[in-house]
Amino acid sequence: MTERNQTVISQFLLLGLPIPPEHQHVFYALFLSMYLTTVLGNLIIIILILLDSHLHTPMYLFLSNLSFSDLCFSSVTMPKLLQNMQSQVPSIPYAGCLSQIYFFLFFGDLGNFLLVAMAYDRYVAICFPLHYMSIMSPKLCVSLVVLSWVLTTFHAMLHTLLMARLSFCEDNVIPHFFCDMSALLKLACSDTRVNEVVIFIVVSLFLVLPFALIIMSYVRIVSSILKVPSSQGIYKAFSTCGSHLSVVSLFYGTVIGLYLCPSSNNSTVKETVMSLMYTVVTPMLNPFIYSLRNRDIKGAMERIFCKRKIQLNL
């Protein structure tokens, strides 16, 4: 890469969203309400799982961690976006940009690995129902969660350290609403080939491989379900996977649309819209998907609210 005039970059300017100035207040209110819904919805899921002993099972251990991951993932970008929408100079410090990259990768990958663990849980529940409790032991479940946290820590730290070694020039404008790693690489003055090679290798391991494992799990699940003689049994088996499959489709659908189906026309606008989908919309919808399609969650809400109502009456 040709070296340009280097200078010390203390902050980056985030161009944000392509919203006309006269519509800024409307979109600010919209994004604020979406963020608050995300926080409240995921907090409710976490609290329900903690308080209701009926939900102290492997599936809900993974779900509580996924809700925490979604809550934090949205919190990495949304507060800064909302702040910059009200600011005349939408900037972010250099250190803040690196921190945002780290936590964005960390919580994004954590949700990815937890979806794999949940797919394995559904696979065992449907394909080996008689051995479910012995296979999905507390030790294995905790190990899967800890492994997810360890792997995501390594991945996020690796990319953040590689990004920190780069030099940046006078151009400090990021055409995005957060510190997107690919946008930062385009601003770098120093050689980015190492970063690009590592991104290619790690994406293959941390995105494609988990997706392949989920697909393999569902191939086995569908194969087992089709062997069930009664239509009621088939419906019950599919209903246990419905929520997870919806979340998987939502998460990987936006990621595949963004990274594997590039568009030359309006690529910046497309990237921004797709990024909003998986940073704002998906974390907001996940609690609704699990609460509306899950009898256990709805039952836990009824038990806790009824118990609270009885206590108030006494």
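Here the Cβ of each residue, glycine as well, is placed from N, Cα and C on the backbone.
Bear in mind that the values here come from a model prediction, so they are computed numbers and not experimental data.
Feature list (source: Swiss-Prot):
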- 1-29: topological domain 'Extracellular' (TOPO_DOM)
- ASN5: N-linked glycosylation site (CARBOHYD)
- 30-50: transmembrane segment (TRANSMEM)
- 60-81: transmembrane segment (TRANSMEM)
- 82-97: topological domain 'Extracellular' (TOPO_DOM)
- CYS97-CYS179: disulfide bond (DISULFID)
- 98-118: transmembrane segment (TRANSMEM)
- 144-164: transmembrane segment (TRANSMEM)
- 165-196: topological domain 'Extracellular' (TOPO_DOM)
- 197-217: transmembrane segment (TRANSMEM)
- 241-261: transmembrane segment (TRANSMEM)
- 262-271: topological domain 'Extracellular' (TOPO_DOM)
- ASN265: N-linked glycosylation site (CARBOHYD)
- ASN266: N-linked glycosylation site (CARBOHYD)
- 272-292: transmembrane segment (TRANSMEM)
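Among residues of the same chain six or more beyond the transmembrane segment (197-217), those with a C-beta under 8 A of the stretch's C-beta atoms are 109, 112-113, 115-116, 119-120, 122-123, 151, 155, 158-159, 162, 181, 248, 252, 255, 259. The stretch from 60-81, 98-118, 241-261, 272-292 with the most CB pairs below 8 A to the transmembrane segment (30-50) is 60-81. Scored by C-beta pairs under 8 angstroms, the transmembrane segment (98-118) has its highest count with 144-164, from the stretches 144-164, 241-261, 272-292. Helix, strand and coil counts from DSSP across the topological domain 'Extracellular' (165-196) read 11 helix, 5 strand, 16 coil. Mean per-residue pLDDT, taken over the topological domain 'Extracellular' (262-271), amounts to 60.
Applying DSSP to the topological domain 'Extracellular' (82-97) sorts its residues as follows: 8 helix, 3 strand, 5 coil.
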